[in-house]
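Student: After the structure tokens below, expect a handful of questions from me.
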Amino acid sequence: MRTGILRSASPLPGFGLSFGIMMTVLSIVVLLPIAALLGRGLTIGPADLWEMVNSQRIRSALLLSFRAALIASLFNLVFGLLLAWVLVRYRFWGRRLIDAAIDLPFALPTAVAGIALTALYAPNGVFGQLLAPFNIKIAYTEIGIWLALIFIGLPFVVRTVQPVIEELDHELEEASATLGARRIYTLYRVILPTLTPALLTGFALALARSVGEYGSVIFIAGNLPLQTEIAPLLIVIRLEEYNYDAATAIGLAMLLISFAMLLAINAIQIWSRRRMGDV
Amino acid sequence: MSDIAYPVRANPVTTEPRLARYILIGTVVVLIAILLFAPLIAVFSEALREGWSAAISSLSEPDARSAIQLTLLVAAVVVPLNAVFGIAAAWAITKFDFRGKAFLITLIDLPFSVSPVVAGLALVLLFGSNSALGAWFIAHDMKIVFALPGILLATMFVTFPFVARELIPVMMEQGRAEEEAALTLGASGWRTFFTVTLPNIRWALLYGVLLCNARAMGEFGAVAVISGKIRGETTTMPIMIEMLYNEYLSVAAFSLAAALAMLALVTLLLKSLLEWRYADLLSATRRH
Amino acid sequence: MIRTIAISSQVLAQGTFVRDLVGGHIEIDTGGRRLSGKPVASRKDTRVSPVRAAFSARHLRAGLLSMIAAIGLAVSGAPAVHAQESVEILNVSYDPTREFYRAYNELFNEWWSEQGNDPVTLRQSHGGSGGQARSVIDGLEAQVVTLALSADIDVIAENTGKIPEDWQSRLPHNSSPYTSTIVFLVREGNPKGIEDWDDLVGEDVQVITPNPKTSGGARWNFLAGWGWALKEFGGDEKKAQNYVAALYGNVPVLDTGARGSTNTFVQRGMGDVLLAWENEAFLALEEQGEDAFDIVVPSISILAEPPVALIDENIKSDAQREAAEAYLEHLYSPEAQALALKNFYRAWDTSAASEEDIARFPEVELLSIEDFGGWAEVQPTFFADGGIFDQIYEGQ
């Protein structure tokens, strides 16, 4: 096994064991189910798959899912960076509490998050009542979907950027300041490029996670076809119709698009790493 | 009050002006309050709407208790399995040089980009009674879907990348010089792993395990497709919460949700405490 | 003297002490090789931190073992069908019947024991009607299904062959021991003056109803409105379609299930009128207080028949068959019928029910599903992919 796969010999032991465990678990848990999905797609055939996905309803649902995920993840990109910076660099009352709470969206079941957010932002909710006089509606509109996706995607950017900021060398900043750069220039030209790979990773993870989100969104979205109907809901609808083929078709479409996005982001990341001289 | 926002190192050239600091902290606190704490408070206030005794008695209902037990069992099986997988994957990927590594990492990441609903669908397609594999299992009297193994598989799928993702960057950065040194000195492979590698990665491992645990206990979408929703048997806490909410038992539903949030918060607080207690140790391992 | 030195931060070496070096370092002999490094303080000074202890080899191995044991237990626990155990029946049902079946299961076991039988272990599963049917098709081993509409049981018969085609004629009243209908739930005092179906398409009226694609109850809502429109417009299907299109144009939230819609209307304060199962409307009144909402009965509604069926092929033993058949037949007993009436269902046999439970239900002209050609025709025409419901939205 060693000689077959390994590119160069390593003095360390345990390649067979660790590689074996990894491939076994990976195959059973991830590859086999995905293969079943792809296999189902193959038996349907590409022409029929395209037929099933190419309707206005599905296109608008896919567009909505990806648009909302993109908006929410962009917000999380900026806010997550800000949050990570403040948590690492400043000391203030309640910092530890906020730091501990960042992972909360992972822990709260998505349905509970959806119900809680809807209770807050519905027209008769605490925040909904405040916004109603200004004729701002959040629950049951696309903004509600953004909100739910911001909630569930929040930890990703913070948690990928935080360790990198902790490792940042103050000497770099000092050097930049000594050379006469203004603080804002240092932040933009010295610190931001260092954080870019981590930021991109966090962004990609948040994006991938929010595209597929179902549990929290169906409570706060109005679920109206062509307006606030997300793609995962369409999959569930097809499942309820016992139309596994169409459900598989939409599932595959989502899988392909998010996979392509992840690949693109990974490519940007590699490129930026090269440009930075492998930071 | 004036030192509410002093920087970590009071070196004026490597921090922002005081006003900027206050604005940044203010923004973060306000947004976190709206985005994170408000929903959490909403959950707890709904749970306690009829007082503590109602909340606690709803948690001791047999169905709620079995849901809590099932969720803990699922976490107890899934988290160690994912930890072992994560360590094995990180070891193979970071300590050896082989073809197709980038592709393999992408495969490990794959569950992040699959909607939990699709994950549930894939498992049903694979193990449902209409598939060859599913029919074989049923013929041998083994239940996969609508039973514990299905719930475990679905939970493993959605939490799959957490530990590996935390470990790979850390181990990549550390290289393999220390392990090689230990081996040169005559340590066995396992001994090297336990005394050299493990202490180096324990924080990342702990962090990955905690995230994996939180997500494992909170997963809803994939499990909902595959659980069968049999009361007291295949209802995990999130499923039970949805059921109770649908039965107009909102106090019971939110009490269970609060309990779940507490379980997660306890682990997160534990992590914070450990980090705080061993801050010196932590910075020492990070430094080199 | 044996001393321990640190070579790097994590690598230690042990050997006999040779000499002191500058900077506090020492040199040791490890048996043929001489190494130098910083000496590690003696044992009592290097207290092992709890974190490090937790990650020690011994603990980790113990953890691994217990994990393997846990998996073993989980897997071995899965196919636990013991011959000696009492007969089990799994009833796979839809959302709004939770309260009813919780009470009925007790009633049945009491009666069943009185007949000289051992009590039966009754297991319940509730969810959206369509999703529950899908679970049964995919292998959920239900002995009994009690769903929202016969179309969902038809699909099980069609896809699995576990039920004969004529299942609906095996029990009285189309296998529907209890029925319900569709009514309007409006806010206290009926501020928008909603009296009948034509009021639902008014300019400033917001209607709450779930998605017929995912909710069985919503299909009854849709058909009730469709039936009224057909009668109103003298059988003109084009006009009926325009009517339902206008109706769904007034829907701000399409929840996935009947309970979701009730929550949206009752707790979130959305909408002016909720199209609901009659039993759901009564339940909402009971839960939220009589003075928060009013029930409005339209001029025409539909007789909603939620059917029950035995899944023959999922029956493992004669004892189980006997119990499952009795379980369904006993639904028609006067006591069970009274229980259904008490849970706001319209049941057939009122002999054992209290006056109050019977008087609750107003008279209303009820269409039947047969007036639309039965579910076998209705399902594909209206609710399949590309059916009339989809045309409403795609024609916009």
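Heads up, the Cβ atoms here are built off N, Cα and C, so glycines get one too.
These came from TrEMBL, pasted as-is:
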{"type": "DOMAIN", "residues": "B:68-275", "note": "domain 'ABC transmembrane type-1'"}
{"type": "TRANSMEM", "residues": "B:20-45", "note": "transmembrane segment"}
{"type": "TRANSMEM", "residues": "B:66-93", "note": "transmembrane segment"}
{"type": "TRANSMEM", "residues": "B:113-137", "note": "transmembrane segment"}
{"type": "TRANSMEM", "residues": "B:144-164", "note": "transmembrane segment"}
{"type": "TRANSMEM", "residues": "B:204-227", "note": "transmembrane segment"}
{"type": "TRANSMEM", "residues": "B:248-270", "note": "transmembrane segment"}
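Locate each feature and note its surroundings.
Tutor: With a cut-off of 8 Å between Cβ atoms, the residues of this chain six or more beyond the transmembrane segment (B:113-137) that come close are 143-145, 150, 153-154, 157-158, 219-226.
Residues 70, 73-74, 77-79, 81-83, 85-87, 89-90, 108-112, 114, 116, 119-120, 123-124, 127-129, 134, 137, 205, 208-209, 211-212, 215-216, 219, 222-223, 225-228, 230, 234, 236 of the same chain lie 6+ residues outside the transmembrane segment (B:144-164) yet bring a C-beta within less than 8 angstroms of a C-beta in it.
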Student: Restricting to the same chain and to residues at least six past its boundaries, which positions have a Cβ under 8 Å from a Cβ of the transmembrane segment (B:204-227)?
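Tutor: Those are 71-72, 74-75, 78-79, 82-83, 86-87, 115-117, 119-121, 123-124, 145-146, 150-151, 153-155, 157-159, 162-167, 170, 198, 234-239, 242, 260, 263-264, 267-268, 270-271, 274, in sequence order.
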Student: Determine which residues of the chain contact the transmembrane segment (B:248-270) at the Cβ level, with the cut-off under 8 Å and only residues 6 or more beyond its ends counted.
Tutor: 40, 43-44, 46-47, 49-50, 54-56, 58-59, 61, 64, 67-68, 71, 210, 213-214, 217-218, 237-238, 240-242
